[in-house]
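Participant: Below is a structure I'd like to ask you about.
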Amino acid sequence: MKQRIISSVIGLPILIGILLSKNLILLNVTLLLIITIGLNEFYKSFKDFNSNYTMIGIGFSALYYIFVLPNFSSNIGLFINLFSIFLVFYSVLFYSKQNAKNIAITFIGFFYVTYMFSFIRQIISMNGYGNIFVWFVFIIAWSADTFAYVVGKTFGKKKLTPELSPNKSIEGFMGGVIGATLMSCLYGIIIFKFTGFHTNKFLYFCLVMGVIGSVISQCGDLIASLIKRFNGIKDFGNIIPGHGGILDRFDSIILTAPFVYYFIKIMLKI
């Protein structure tokens, strides 16, 4: 627990500073580094996964982030086709009975880590208020984690998924939803008061986003637990003392980011 607190005390100010700096080069390098490390952790969690496919997945993830994201809607279809063709071509040239599994894991890793996490950049790129809205992702996801942990430790009796994650409780899950929703609304009030941004029923928007987002973020945590349980590992890595790997720290962010992006796009029409 001590290491976890120390890592948070050191890591959070760095993350906040990067997001507030508005330095696009620093931001993009940081996000791409997180994606690369996280993707490598994902692939390494599968013990018999061919390391050559790790390099392919990471290489195409870098291409996706650098060249596809700036014009996402017009480039994504072409990119997926090229990615698929390359994987099939490589698998034929270097045939192995494990290649079908290697292709599947490569694709899943790309979509689970690279595609999902890159929505952080998509939110930041939103016109006008992207640097403000991106905080909803972290506030909802990490508030849900924190409140679920505290409430679960204090009041938890009924197990949520005993076989998948024995320490998680229904009481903790509900505490995560309530806590994250309150924090989402509080941040919405701060936005309304200090930035000049306002729209009809904005507080209602924050409430609904908090409720749905907190459920999704905790599902992201459970999906990560499922992958770890499937592969027989406790953590994805050890790069962050007290937390584990990058994916252990950002597992709830991975699903929350695309949800927040599309919720804002649809509801606020930004």
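Positions of Cβ are set from backbone N, Cα and C atoms, glycine also.
Take a look at what TrEMBL says about it:
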TRANSMEM  12-39  transmembrane segment
TRANSMEM  51-69  transmembrane segment
TRANSMEM  76-96  transmembrane segment
TRANSMEM  102-120  transmembrane segment
TRANSMEM  132-152  transmembrane segment
TRANSMEM  172-190  transmembrane segment
TRANSMEM  202-226  transmembrane segment
TRANSMEM  246-264  transmembrane segment
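Surface or core, plus neighbours and distances: that's what I need for these features.
Facilitator: Sequence-distant neighbours of the transmembrane segment (51-69) (same chain, 6+ residues past either end, Cβ-Cβ under 8 Å): 28, 31-32, 35-36, 39-40, 43-44, 75-76, 79, 83, 86-87, 90, 94, 102-103, 105-106, 109-110, 113-115, 118, 121-122.
For the transmembrane segment (76-96), same-chain residues at least 6 beyond its ends with a Cβ under 8 Å from one of its own Cβ atoms are 50, 52, 56, 60, 63-64, 68, 102-103, 106-107, 110.
For the transmembrane segment (102-120), same-chain residues at least 6 beyond its ends with a Cβ under 8 Å from one of its own Cβ atoms are 31, 34-35, 38-39, 42-43, 46, 49-50, 53, 56-57, 60-61, 64-65, 69, 83, 87-88, 91, 96, 134, 137, 247, 250, 253-255, 257-258, 260-261.
Beyond the transmembrane segment (132-152), the same-chain residues lying 6 or more positions past its ends with a Cβ under 8 Å from any Cβ of the stretch are 15, 19, 120, 123-124, 126, 167-169, 171-180, 182-184, 187, 191, 195, 197, 206, 209-210, 213-214, 217-218, 220-221, 252-253, 256-257, 260, 264, 270.
Remote same-chain partners of the transmembrane segment (172-190), defined as residues 6 or more beyond its termini with a Cβ less than 8 Å from a stretch Cβ, comprise 135-136, 139-141, 143-153, 155-156, 160, 202-203, 205-207, 209-211, 213-215, 217-218.
If one looks beyond the transmembrane segment (202-226) by at least 6 residues along the same chain, the residues whose Cβ comes under 8 Å of a Cβ in the stretch are 136, 140-141, 143-145, 148, 161, 164-165, 168, 173, 176-177, 179-185, 187-189, 191-192, 236, 247-248, 251-256, 259-260, 263, 267-268.
Through the fold, the transmembrane segment (246-264) approaches residues 34, 37-38, 41-42, 112-113, 116-117, 119-120, 122-123, 126, 133, 136-138, 140-142, 144-145, 209, 212-213, 216-221, 223-224, 235-237, 239-240, 270 of its own chain, all at least 6 residues removed from its boundaries and within a Cβ separation under 8 Å.
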